[in-house]
Amino acid sequence: MSARYDYDVVILGGGSGGLAAGFRAARHGARVAIMEPSELGGTCVNLGCVPKKAMWLAADLAGKIELASALGFDLPRPTLAWQELVTHRHGYIANIHASYRRRLNEDGVVLIPQRGVLQDRHTVMGSDGVPVTAEHIVIATGAHPLRPDVQGAEHGEVSDDFFNLCHAPEQVAIIGGGYIAVEIAGLLQALGSRVHLFVQGERLLERFDAELTLQLADNLRHLGVRLHFGFTTTALERDLHGALRVHGHSVHPREQGNDVFDKVFFAVGRRANTAGLGLDTVGVALGDKGEVVVDDGQTTNVPNIHAIGDVGGKVGLTPVAIAAGRKLMDRLFGHQPDARMDYENVPSVVFSHPPLGHVGLTEEQARARYNGAVRVYRSNFRPMLHALADAPQRSLFKLVCVGEEERVVGVHLLGESADEMLQGFAVAVKMGATKRDFEETVAIHPTSSEEIVLMH
């Protein structure tokens, strides 16, 4: 650690990855500054995972109330005081902000509430015009939602705007078929909106197992979501009364409609926040989508400049950004030269209705990698609560196994509580568990999770 600079490391961005990196570096004795002009926590805490999960939990409760009525509870029709829910959501997030500030003080990490722009390899200029120098610089500025280049796009909103809603819109269109589109569609439908989901491809969530996404589509239809596959949006139109129409062309003409909407949300991807950071000034290489190009150690082509999280264009998940930030600081300051982020077997969950999660390889990926040495086990069932209430929602679990020993290389779960089940099975996959290991584990009955160890 050099006394030539103001700090050992300056981190641009106080999101989950930047904070985790800063805390780990401080633990190793480094002098750390984080430059963040907005609220701490980045997208996840303020406009992503945390407020989304709060809304999802409310939507899940709404669904449970319906099931309770079907089971014989005499309940009045519930109404949601939307702003009261928002107040609780804001309070929860405020507590997270406070915990971050407390931790920064405890660990001696300096927070500079300004946007930083690189001047050279070791200098960052704050918006106050005061330069800050560091031996290492970490780019952790995240990403932002895209607005497509279609006529009338200004009439639509992006996922960030979802959290500004004051009530559930009566009629909503969502453009996109990825995890953000699917999550917003399910929770708004459950909270009282009538939702149409316009998907350019022929299925949802193309990075997830195809079989599970088809079952998810059926579950969403039972929930009431209208799905329009093979639809390319070409324009939005707002009439004199403020109503919105989605124009486009579909490979399924029967799905063409003339519905009007109160809100239209675009969920068509995200782009790295690299513009205006001065990366070109120091020659940091960017990818085709504007992301910072890094090696397996999170380092750019400029040896003392690094990038973590969404800005690096790898796996866009908060826990991945946190893990990558910690590994980077272990390598730079913790005398662990081989510390690297392992991007294999990263678990991921979509908070759809019901949740969908996976870890490891899909069936298609496994067959491409291992040819014929693949065996797939599956269980399609109604979870007990839904069966009791005679509700149509179904769960689908899959195990993807390879080789004579049937090593489990993929676990795919769609259904009630899949989000809570997956973590432990992710450990099993990472440890190289086999199908026999699963079979020799005594099941917990009656649960949905027992299906994972009882498949045959």
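Yeah, the Cβs are placed from backbone N, Cα and C, and that goes for glycine too.
TrEMBL annotations: computationally assigned, not manually curated.
Here is what TrEMBL records for this protein:
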| type | residues | note |
| --- | --- | --- |
| ACT_SITE | His445 | active site, proton acceptor |
| BINDING | Lys53, Gly116, Asp310 | FAD binding site |
| BINDING | Gly176, Gly177, Gly178, Tyr179, Ile180, Ala181, Val182, Glu183, Gly269 | NAD(+) binding site |
| DISULFID | Cys44-Cys49 | disulfide bond |
| DOMAIN | 7-325 | domain 'FAD/NAD(P)-binding' |
| DOMAIN | 346-454 | domain 'Pyridine nucleotide-disulphide oxidoreductase dimerisation' |
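In this structure, Gly178 is the one among the binding-site residues Gly116, Gly176, Gly178 with the smallest number of other Cβ atoms inside 10 Å of its Cβ. The full span of the recorded NAD(+) binding residues, Gly176, Gly177, Gly178, Tyr179, Ile180, Ala181, Val182, Glu183, Gly269, taken as their largest Cα to Cα distance, is 14 Å. Annotation note: Gly269 (NAD(+) binding site) sits in a coil segment as assigned by DSSP.
Note: Asp310 (FAD binding site) has non-local neighbours Thr43, Gly142, Ala143, Arg270, Ala272, Asn273, Gly316, Ala321, i.e. same-chain residues 6+ apart with C-beta under 8 A of its own C-beta.
A straight line from the CA of Ile180 (NAD(+) binding site) to the CA of Cys44 (disulfide bond) spans 13 Å. Long-range Cβ contacts of Cys49 (disulfide bond) within its own chain (separation 6+, distance under 8 Å): Thr43, Thr318. In this entry, Lys53, Gly116, Asp310 make up the residues listed for FAD, with the farthest two CA atoms of the set 31 Å from each other. In sequence order, Phe351 constitute the residues six or more apart from Lys53 (FAD binding site) in its chain with CB-CB distances below 8 Å.
On its own chain, Cys44 (disulfide bond) has Gly15, Ser16, Val50, Thr318 as residues at least 6 apart in sequence with a Cβ closer than 8 Å to its own Cβ. Counting every protein chain shown, the number of other Cβ atoms lying within 10 Å of the Cβ of His445 (active site, proton acceptor) is 8. Helix, strand and coil counts under DSSP for the domain 'Pyridine nucleotide-disulphide oxidoreductase dimerisation' (346-454) come to 36 helix, 33 strand, 40 coil. Note: the CA-CA distance between Gly176 (NAD(+) binding site) and Gly116 (FAD binding site) rounds to 33 Å. DSSP assigns Asp310 (FAD binding site) to a helix. Cβ neighbour count for Gly269 (NAD(+) binding site) (all protein chains, 10 Å cutoff from its Cβ): 14.
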